[in-house]
Amino acid sequence: MTKYKVGMVSLGCDKNRVDSEIILGKMSSEYEITNNAKEADVIIVNTCGFIESAKQESIDTILEMAEYKNNYNCKLLIATGCLIQRYGDELKNLIPEIDIMLGVNDYNKIDRVITEFIEGNKEASKLLNYSDENINEGIRILTTQKESAYIRIAEGCNNFCTYCIIPKIRGKFRSRRMENIISEATDLASKGVKELILIAQDTTQYGSDIYGKKNLHILLKELSNIEGIKWIRVLYCYPEAIYDELIEEIAANDKVVKYLDIPIQHISDHVLKLMGRKTSKKDITDKIEKLRNKIPNIVIRTTFIVGFPQETQEDFEEILEFLQEYKLDKVGVFKYSREEDTPASKMDGQIDESIKEEREEKLMLSQEKISNNINKLKVDKKYDILIEEYDGEFYKGRNFEMAPDIDGNVFLESPKKLEIGEFVKVKIIKNMDYDLIGVVEDESCK
């Protein structure tokens, strides 16, 4: 009997990507996985519902895939993810072409629901259960480059920032058992993964719920014992939760890259308070100084939200002054998105879109100069580069300072063929604002 083909469109963050990979893993025994949606009998759209632009992209994608039911092979359209969890009832009426809807806590039921739907049980077509207990786990079909993989170490969030809807969608913070994470990481390493990227809504809180204290430093130590893993990268570390044992482990552990993603979001105490952030400008700057003192070569990445309600020009200029003083290595900027059902959406002093855009542009231009100056200092230095792509002329890879998708890349030529997924020693010969150009010094640095 010919297997049905399943295609997946995954939108949103890397945490959503992990969900998509778990769904594909769940379906892989009964269905053939295809990257071509036009030939898929079953199409799954895993949506994002975090900000307005992401919601619109999700709706547009579902509508596009709905057309595949008329023009291509699609017989079953499934919508999952945060947008569905949040707006499932409305979307079912808006887009009747959706056959099955699954919320963020029901992925483990997807194969059963499809079978029941095909057999005529239409009541199974909408599962939007809310749970503060469930964590999606299971065998994954990786959608990243084979040498890197994300590992979600916790689900949900307890921070309740005033602009964010995630706790209402994903539930309270809950850590995965350490042995389950180690088992998954070991399996990934056996399949050729060399870089583990740890993610959660707040990675620094790992273990605080199930072990009674923060245990990220212990998890890092355990993961570093896995044969084949060369890099371990940590994203989404809330500044107020970064603790001394974690800093010490990052400093001492050769496999943990000296890179931290710390979502600051703002530096003005006035705006931080409005955001419901549990930190202050002094706490943030003290933490940065401690990190740089204990780990001199650490790369710090952060994100800022501009145009938050009641943000004054003085508040915004505090960010500019902060960046000029602390010169963070990597910075992302987002315009505030007014999300319904959040406290911030009801605040007075909403900022005009034109002012948000102006502040976003000004902040990015400022950081572009900082980034260029930082990259100039890398010229003539040598780095281990993880090779990820080859376009027929140039190889593309990353050094430890670069996370996939969100940071820059290293481009290089090589007279000899390089293997995708291998590490090579590269000398940097030229810099750009965010990218670097290098030449191969040694073919391998295993």
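Placed from the backbone N, Cα and C atoms, the Cβ positions cover glycine too.
As given in Swiss-Prot:
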DOMAIN    4-119  domain 'MTTase N-terminal'
BINDING   CYS13, CYS48, CYS82  [4Fe-4S] cluster 1 binding site
DOMAIN    143-373  domain 'Radical SAM core'
BINDING   CYS157, CYS161, CYS164  [4Fe-4S] cluster 2 binding site
DOMAIN    376-442  domain 'TRAM'
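Feature map: annotations from Swiss-Prot on the structure.
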residue: CYS13; record: [4Fe-4S] cluster 1 binding site; Cβ neighbours (10 Å): 19
residue: CYS48; record: [4Fe-4S] cluster 1 binding site; Cβ neighbours (10 Å): 20
residue: CYS82; record: [4Fe-4S] cluster 1 binding site; Cβ neighbours (10 Å): 27
residue: CYS157; record: [4Fe-4S] cluster 2 binding site; Cβ neighbours (10 Å): 23
residue: CYS161; record: [4Fe-4S] cluster 2 binding site; Cβ neighbours (10 Å): 21
residue: CYS164; record: [4Fe-4S] cluster 2 binding site; Cβ neighbours (10 Å): 21
Determine, to the nearest whole angstrom, how far the Cα atom of CYS157 ([4Fe-4S] cluster 2 binding site) is from the Cα atom of CYS82 ([4Fe-4S] cluster 1 binding site).
14
Using the alpha carbons only, what distance in Å do you get between CYS48 ([4Fe-4S] cluster 1 binding site) and CYS161 ([4Fe-4S] cluster 2 binding site) once rounded?
18
Quick check: in three-state DSSP terms, what is CYS164 ([4Fe-4S] cluster 2 binding site)?
coil
Determine, from DSSP, whether CYS13 ([4Fe-4S] cluster 1 binding site) sits in helix, strand or coil.
coil
What three-state class does DSSP give CYS48 ([4Fe-4S] cluster 1 binding site)?
coil
Could you round the CA separation between CYS164 ([4Fe-4S] cluster 2 binding site) and CYS82 ([4Fe-4S] cluster 1 binding site) to a whole angstrom and send it over?
13
Fill in the CA-CA distance, CYS13 ([4Fe-4S] cluster 1 binding site) to CYS161 ([4Fe-4S] cluster 2 binding site), as an integer in Å.
18
Non-site residues, in chain order, whose CB comes within 8 A of the mean position of the CB atoms of CYS13, CYS48, CYS82 at [4Fe-4S] cluster 1:
LEU11, GLY12, LYS15, ASN16, THR47, GLY49, PHE50, ALA54, GLY81, LEU83
Given the [4Fe-4S] cluster 2 site residues CYS157, CYS161, CYS164, which other residues of that chain have a Cβ within 8 Å of the mean position of their Cβ atoms, reported in sequence order?
ASN159, PHE160, TYR163, ILE165, ILE166, PRO167, GLN201, GLY276
